[in-house]
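Database features, via TrEMBL:
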DOMAIN    3-180  domain 'Survival protein SurE-like phosphatase/nucleotidase'
BINDING   8, 9, 39, 90  divalent metal cation binding site
């Protein structure tokens, strides 16, 4: 199996290294990741400047976004066809409406645009030391092993989140759950820059207004590994006929 591994935390991120170690026995793993942290860049790509590529660490460091890494990997850097794209392991969960902001999920979605199955992997991280990354990557690897035995095709886009666990604890299990639509509680910390202009730093980025039952957010807080099948078709099937009728289409 030929795998393209990327992330949004950058080529030097411990989550990328841990996931690489966990999956390298699956086959031929090509690491193509951003040179710098690109968190919350969603599906952004680079159009108006060249993208530089440097051999570094586990593979290639790219001056663009996570989706750029996948584009370059599939169309320029990996010579043979890629069978699977894995994005992660992200530092921080990507559940609820965070999937729309996530560069980790955006990279996996780019693979889907190109007809390649993809798995995004994130860790609901607390105040963890580096040695916990390997434990989380092992949990992710076991889940990936199960997933790749299923109906993986070019429409497959799976979002996997690993819960934060106490030392020695294990996940309760694996739960397939839909995305929570609960709004997030957003607070801004005010400050000033060197010129005296006001600044605002977002905080509480993983605080949800509620934990809707039977959703990815609730399951993750209940210590399940969550798996959510996603799709990039953003057309609303329920409202389309009504708008067509209104406009006489």
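Backbone N, Cα and C define each Cβ position, glycine as well.
These figures come from a predicted structure and were not determined experimentally.
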Other CB atoms, at most 10 A from the CB of residue 8 (divalent metal cation binding site): 33
For the binding-site residues 39, 90, the one whose C-beta sees the most other C-beta atoms within 10 angstroms: 90
Rounded mean pLDDT for the residues that make up the domain 'Survival protein SurE-like phosphatase/nucleotidase' (3-180): 95
Nonlocal neighbours by CB distance (under 8 Å) for residue 9 (divalent metal cation binding site), same chain, sequence gap 6 or more: 15, 16, 37, 38, 39, 90, 91
Check: same-chain CB within 8 A of divalent metal cation site center, minus 8, 9, 39, 90: 7, 10, 13, 15, 37, 38, 40, 66, 91, 92, 102, 103, 104
Secondary structure of residue 39 (divalent metal cation binding site) (DSSP, helix/strand/coil): coil
